[in-house]
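Asks: Under the heading active site, proton acceptor, Swiss-Prot lists D69, citing sequence analysis as support. Per Swiss-Prot, site 'Important for substrate specificity' is recorded for R12, T70, Q152, and the stated evidence type is sequence analysis.
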Amino acid sequence: MKKIILASGSPRRKELLELASIPFEIVVSEVEETIGAYSSPSDIVMSLALQKASAVAENNSDHIVLGADTIVTYESRILGKPSNEDEAKEMLQLLSGKTHEVYTGVAIISKEKTVTFYERTEVTFWELTEEEIDTYVTSKEPLDKAGSYGIQGKGSIFVQNIQGDYYSVVGLPIARLVRELKQFDIDVTHA
């Protein structure tokens with residue numbers, strides 16, 4: 001089996017690949033992410049995933065490199081990782097009681113081909129109290145997550161409904177990834 005390299009330092013993406021029994025190594029992409037003039041959130045996440053994977057693939061051309069990126073959107077506003085606690089609180093107040101979209105883009109690169117795809121998931125939050133938001137932000141959990149929450153952690157108590165791929169919200173649409181890897185002659189379902 002060809003070696004897979006995850007171009008990410010995300011502990012969540014690492015855990016998801018391990019959950020799916022996909023053998024991999026980590027080489028963190030040091031690329032400066034740039035968002036150009038894209039027409040849609042799906043274009044943004046696929047472009048960022050491709051930037052990350054391409055940067056690592058330059059020095060690992062004999063392997064399969066996997067890059068991913070996740071953003072949260074609400075009413076055409078992109079909510080990335082908060083820069084501080086105040087911004088995290090603002091994002092959570094914005095999402096309180098509303099439905100937002102989570103986009104995760106994935107890029108898979110080998111010598112032979114490049115595949116990009118994305119998954120879109122709708123997440124609806126309960127109405128959040130100021131105390132709930134303050135307590136959560138104080139935990140520091142939201143500070144390294146797009147949209148300022150981790151659906152797999154303490155932020156799970158905010159979620160009223162989800163339509164789509166839960167694992168995509170965590171950071172990697174693992175079921176779709178397994179299917180896409182078959183194009184690269186990697187079939188983990190028989191591993």
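Even glycines carry a Cβ here, placed using N, Cα and C.
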Asks: R12 (site 'Important for substrate specificity'): which of the recorded positions D69, T70, Q152 is the nearest Cα neighbour?
Replies: Q152
Asks: Of these recorded sites, T70, Q152, which scores lowest on Cβ atoms within 10 Å?
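Replies: Across T70, Q152, these recorded sites, the one with fewest Cβ atoms within 10 Å is Q152.
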Asks: For D69 (active site, proton acceptor), what residues in its own chain, 6 or more apart in sequence, show a Cβ-Cβ distance under 8 Å?
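Replies: Result: E33, I44, V45, L48, A49, K52, T104, G105.
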Asks: Under DSSP, is the residue listed as 'active site, proton acceptor' helix, strand or coil?
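Replies: The three-state answer is strand.
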Asks: What's the number of neighbouring CB atoms sitting within 10 A of the CB on R12 (site 'Important for substrate specificity')?
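Replies: Around the Cβ of R12 (site 'Important for substrate specificity'), 21 other Cβ atoms lie within 10 Å.
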